[in-house]
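These notes concern the structure reproduced below.
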Amino acid sequence: MRDALSILASATVLPPSATPSGNYRRRHRHSTTSTTTKPRPNHNPKQKPQFPASSPLLSSSRWANRQSLAYYTKLASKLAEDGKFDDFLMIAESVVASGVNISEFLTLLKSEHLAHGVVRLLRDGKLDRIFVTLFNGIQKLGVEPAGLFDEVAIESLKAECRGLLKCGELERLVSLIEMFAGFQFIIKELVEPSEFIKLCITKRDPTAAIRYAQNFPHAEVLFCSIILEFGKKRDLDSALKAFEASKQILSSPNMHAYRTIIDVCGLCGDYLKSRAIYEGLLAENITPNIYVFNSLMNVNSHDLSYTLGIYKKMEVSYCKMQTLGMMSDITSHNILLKSCCLAAKVELAQDTYKQIRELESKGVLKLDDFTYSTIIKVFADAKMWKQALEIKEDMLLSGIVPNTITWSSLISACANAGLLEKAIILFDEMLQAGAQPNTQCFNTLLHACVEVCQFDRAFRLFQCWKERGSQQTISGDMINHAYTEAVDQMTEMGVPLRLCSHLTMRVPFRPTTSTYNIMMKACGTDYYRAKDLMEEMKTFNLTPNHISWSILIDVCGGSGNVLGALQILTSMRESGVQPDVIAYTTAIKICVKQKKPKLAFKLFKEMKKYQIKPNMVTYNTILRDRNVDGSLRGLQHCLAIYQQMRKAGNALMCTRIWYKPNDHHLKQLIEDWCEGVLQTERRSEGQYASHITDFGHQSLLLEKVTEYLQDSNAESLFIDLRGLTKVEARIVVLAVIRKIKEKCAAGKSIKDDLSIILEQQRHGDRNSREDSGVGEAVIRLLKHDLALEVIEASSRARSDRDNKGSPTSPGLNFEVDEKSSLAETSEYPTRRPIILRRLKATKKSLHQWLRRKTVSSKR
DNA sequence: ATAGGGTTAG
């Protein structure tokens, strides 16, 4: 064998019967003219000589010699055995190139060797080579590859694949699978498709998944599961890539893929994308099928008008196509009902329900458990428990058996309406009807107890269910304490014992984190009890979530322990649960309630440090009037936060919570603060009490106050009252005066008169509007209430619009010189210059007022 | 191959 190998190494292969000299020469002569063998890339001719295809040496006549065939086979086998697969392959290649029927050669080789060779080469990354030479050769010659890949071969290939799968070598694995794309019977066996896809999902590699799926004749099914799996992992981008790829390879549009990607859009919360995909279908003039329509409606079900629009469009499409059967899909109607439910449109839901019932009476469709459960939920949410119970009757009459979900909705209908007893009786009915309650049912009931503050009862039920739900059987005399107590309580309330099956029957009670969260709420302000419950969760293999921690903060803070509540925020982070907006807002609420504004502001700052965005609830909580201690600093803090909120306004408005109510709090707060100026003066009459009803003006008012009270405007003695009503003007003036007062108290003296700009009507405009009275009100305030010296003056300004400029730079608005004013008027001849009214409260009188105040407050 | 129920902050 050593000889044979050295011959190979010297670029020579000689059959045993050939004379070395003559054949060698002939072979060489031909090798230069050979055209049938394609030179392989990366081929080093020195080490790996090529065998001319038409070489007489290797011609069929020569090969007829069984002995030489046997020799080559033997040589190849030996090489394979020694693991010299390059050389092994070269022999095989030369046989292929010779143009003879190679099947005999191949069948003579052990398939194990061939397979091993293939697999080993694959492992060495020599995938191209094996394909170009051996596989192509085999296929060209019409050799049935089934013979090549026997069980052993496939097993070792599979082992290789398993290894690659295990180490997550997606790229290698997919290349390997692509190599065998021509051998369908093999690739199906190599990897379990679901496992391969799972790996792609965890590696977030849509490309590998797409390449993999393309090798299968029924790729569309695979594509759908790829899209869905990426969606489940909230990886919409990858899902979309897979979807686009599925469109590329399939000749006709695959509705299944369309509906899947639409569902995935819903899963990932991008309902707008689902609409775009639907538009794409329309653009190609494709009528979606009922599944696509239903999914689209479902994903957009929170937008009733859109869902309705799609529903109508669907009706039209199918009417045109005269496939009336399509119209009567109960699912579409159920989704429509769900949409009404989400929009809390009870009447529309009722109408829809009636319509469906009519269609049912015509025999077009049949209401199902979804229909009934959904309409029950509509009533449950609207606290219309009677109507909900009526639906139950409808349902029983039509022969649909209520399931767990139906019962659950019925129970929450009563629970939401605060009818705890009724809810418990319904729960009992459910048990007697043989329906299996699940944790949600238990949770609903426990929550109902908490809602009506029957905390003890919640604990008794919880205890009782825990014991009856556990594996151990409770014998008659070992009936537990919680049980007897609970039964006693029921009988005391006049509930017949037969309706206590929820206490006597074994129940499949398996508490979840939600259950524990509800129970923690039932602790009221008993912090240690709540803490113990959180510990107890571990015995059920449960872990506290954000909600658990938030409740713990609330309970602890509620017991008056503010610092403890703040400590929990830290513990939460340490235990691996990052505090969210709600946890922070809860902690802020505690600080505000316990009159610790500084701590509240500190938390607000801290949450931003952790990049947690405050939402409307946060702003409303921190800007509550309780959170102001009456200092300028405190108010400034609030106003700064208010401004941040305004800036974030657009984003916040998307959270569906309107920010106006908040303005009201803040306005109240500013008013109270401002009116403090007059505390030692004569208290003003009811006319200024506190009510500003014009909401449209509020933001302007708040912005002005915020601006004038900003630290950067600490020294400014300028007020622009344009655009404000007289009550608002009063607030702004008082705010600035109070600022001046606080600054003086801090040792800063007044450097100038206080300037105030008022709006003056245009000339010749006298009759168009009534006088707003702002000027008079302000003068009265300054002169009469505060006894300040007021000087009136007028000045000219350019145009209305120009004067809306920054009020912090009054110089721009005043002292407008005659020239530029004229220039303006000539350019815009129709716009007359307006006259501004200006008031000044003199520095001297302000000083006097402040002195009076300090004297009077000292007394 | 579609859809439904419970828990947190103001």
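The backbone N, Cα and C atoms fix where each Cβ goes, and this holds for glycine too.
Heads up, TrEMBL stuff is auto-annotated, nobody curated it.
The region 'Disordered' feature in TrEMBL is assigned to A:16-58 (among others).
Summarising the annotation, TrEMBL assigns region 'Disordered' to A:797-827 (among others).
Sequence annotations record features per position, and here TrEMBL assigns repeat 'PPR' to A:368-402 (among others). Same-chain neighbours of the repeat 'PPR' (A:368-402): 330-331, 333-334, 337-338, 340-341, 344, 346, 349-350, 353, 356-357, 360, 409-410, 412-414, 416-417, 419, 422, 430, 433, 435, counting only residues six or more beyond its ends whose CB sits under 8 Å from a CB of the stretch.
What TrEMBL records for A:403-437 (among others) is repeat 'PPR'. Taken as a whole, the repeat 'PPR' (A:403-437) shows an average pLDDT of 91 in this prediction.
For A:438-472 (among others), the entry in TrEMBL reads repeat 'PPR'. If you look at the repeat 'PPR' (A:438-472), the same-chain residues 6 or more away from its ends with a CB under 8 A from one of its CBs are 404, 407-408, 411-412, 414-415, 418, 420, 423-424, 427, 430, 480, 482-483, 485-486, 489, 502-503, 505-512, 514-515, 518-519, 521-524.
If one looks beyond the repeat 'PPR' (A:545-579) by at least 6 residues along the same chain, the residues whose Cβ comes under 8 Å of a Cβ in the stretch are 513-514, 516-517, 520-521, 523-527, 530-531, 534, 537, 586-587, 589-591, 593-594, 596, 599, 603, 607, 610, 612. Among the features that TrEMBL reports, repeat 'PPR' is placed at A:545-579 (among others).
As annotated by TrEMBL, repeat 'PPR' applies to A:580-614 (among others).
When DSSP labels each residue, the repeat 'PPR' (A:545-579) comes out as 26 helix, 0 strand, 9 coil, counted as helix, strand and coil in that order.
Helix first, then strand, then coil: DSSP counts for the repeat 'PPR' (A:368-402) stand at 26 helix, 0 strand, 9 coil.
With helix defined as DSSP H, G or I and strand as E or B, the repeat 'PPR' (A:438-472) counts 28 helix, 0 strand, 7 coil.
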